[in-house]
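Annotated in Swiss-Prot:
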BINDING   K111, S112, T113, Y114, A115, R116, T135, L136, E137, Q156, Y170, Q180  dCTP binding site
ACT_SITE  E137  active site, proton donor/acceptor
Amino acid sequence: MSIKSDKWIRRMAAEYNMIEPFEPNQIKQRNGESIVSYGTSSYGYDIRCSDEFKLFTNLNSTIVDPKRFDSNSFVDVKGDICIIPPNSFALARTVEYFRIPRNVLTICLGKSTYARCGIIVNVTPFEPEWEGYVTLEFSNTTPLPAKIYANEGVAQVIFFESDEVCETSYKDRNGKYQFQQGVTLPKI
């Protein structure tokens, strides 16, 4: 299994629509202003979050249960930024839509710009033949409110190509998060 380079990522995006929309370069500025970078990097792709957020709230004072998750635990927020309260979290989705090849697995890691501010981005691996928008989780580990910027870089996807094709892909298993279109809450 080997990590894939910028050249491979560009080729897969062009020939197989692996990432849409796709940015072949690293974008660091918009309208002359510095932003959190996104686009193709040396050995990965820096993804952006859209302007659709689900902000966790404790208004209902319920127990957080992944098997019986109460969707009322979130408030929908749409905008260029999302302010996450102290010691809380928010969900978002990527701007980019992914189509992962059958012989590829990805790992997604938060960008250091956010990590150095106490904001942790968590995403599980994109499995072989998974397709959809990625649901992102932002945890604010600080005692202060934290700001997330929509349409800027939030995490880096690293692509690994296997030496052999898996017997059963995410698509073959009818994975519950296949083809997700928006911010997707826990499913059992």
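For all residues, glycine too, the Cβ spot is worked out from N, Cα and C.
Here the features listed in Swiss-Prot are painted onto the structure.
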residue : record            : CB count, 10 Å
K111    : dCTP binding site : 19
T113    : dCTP binding site : 15
A115    : dCTP binding site : 13
T135    : dCTP binding site : 20
E137    : dCTP binding site : 17
Y170    : dCTP binding site : 21
In DSSP terms, helix, strand or coil for E137 (dCTP binding site)?
strand
Taking the residues the record says bind dCTP (K111, S112, T113, Y114, A115, R116, T135, L136, E137, Q156, Y170, Q180), how far apart in Å are the two Cα atoms that sit farthest from each other?
33
